[in-house]
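**Student:** Below is one structure. I have some questions about it.
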C-alpha cells in the first residue's frame, strides 16, 4: 500500500500524551523527572506519529510501524491483555477525497486477516459525529460527552444494564437520558439502517446527519473494495480515545470459542497534529488503524 516505515521514541514528553486517551490516561506509565523533563512511555503509536508530523511540518505521508507500546493495565493472558505488547500501525496523513484513505485502512485489515487465514471477523464502523448528535438528541450535557462515550465503549465487555448503571451511578446521568441512548446503541446494520436513521429523528440533528452521510459514502466504497460481507455499521461502537474526530472502527472475531476483545481498531483523528504543533492553525487530517499482534498470534495458536 505504499507506506514508509518509521520509528518513534519509546519515551515521549508526558504532556504530549496526557489528555489524549480519555479515561484510559490513568494507564500511561509515568517516568519520574529525568533532568528537568517529565516523560512517559508511549501508550500507542498514534500520538507519537502525530507529534512527528507536527514537529517536522509534514503534511502528507503514509507510514507503517511495528513497535512495542506500554499500558499500566491488569494483564489477562486469556483475553490478550498485556502491559507491554506489539502494535502494528498503518496511517495515512494528508488531505484526500472523503473516505478514500478511511476505506483503504479497512481494506488493509481485511487483507491482513485473510492472508493469515482468520476468516470469521466483522469490522464494526461508526462515526464520532453520529455519537455527538445522538448525545445531543438524548439530552446528554456537553461536558459529559467524553465520559459517556467511554462508558458506551465498554459495551463489548459489559451488558447494557451494567453500562447503564455506570452512566447513572458513576457519571450522574438521568435515567430517562440513559434509556434513550439505550434505544440507539442497540442498533446495527448496513446501508438500509443508515437510510432509516437519516429519515428519522437522528437525521434532524446537523452533526448526526453529517456523520450518517459520511458512513453512507464509506459503505459505498466498502462495496467497491469487496468488504461488504465483513462490515457492520454499529451505533454501540464508541472508542473511548479523545482524539478521534470522524470514522471509527474496530475488528472483532465472530468465533464463539475465542475471547480476546478487538484485534484491530482505529479511526480518523483530524485535530491531533494541530494540538501538538507549535504553529497556530497547523492542521493535518489523518486516519489510521492499529493491529494487535499478540491477539492475532493467540487466535492463530488456537486455530
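Here the Cβ of each residue, glycine as well, is placed from N, Cα and C on the backbone.
Under the heading domain 'Aminoacyl-transfer RNA synthetases class-II family profile', TrEMBL lists 1-303. Here TrEMBL flags 44, 45, 46, 71, 87, 91, 239, 243, 244 as L-histidine binding site.
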**Student:** Restricting to the same chain and to sequence separations of six or more, state which residues have a Cβ under 8 Å from that of residue 244 (L-histidine binding site).
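**Tutor:** Residue 244 (L-histidine binding site) has long-range Cβ partners 128, 267, 268, 269.
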**Student:** I'd like to know the mean pLDDT over the domain 'Aminoacyl-transfer RNA synthetases class-II family profile' (1-303).
**Tutor:** 90
**Student:** Looking at the binding-site residues 46, 87, which sits with the largest number of other Cβ atoms within 10 Å of its Cβ?
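**Tutor:** Result of the Cβ crowding comparison: 46.
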**Student:** Using the residues the record lists for L-histidine (44, 45, 46, 71, 87, 91, 239, 243, 244), what whole-number Å value is the largest Cα to Cα distance?
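**Tutor:** 21 Å is the greatest Cα spacing among the residues binding L-histidine.
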**Student:** Could you tally the C-beta atoms, other than its own, that fall within 10 angstroms of the C-beta of residue 44 (L-histidine binding site)?
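**Tutor:** Result for residue 44 (L-histidine binding site): 21 neighbouring Cβ atoms inside 10 Å.
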**Student:** Give the sequence-ordered list of residues that share a chain with residue 239 (L-histidine binding site), lie 6 or more positions from it, and have CB atoms under 8 Å from its CB.
**Tutor:** 149, 153, 248, 250, 265, 267
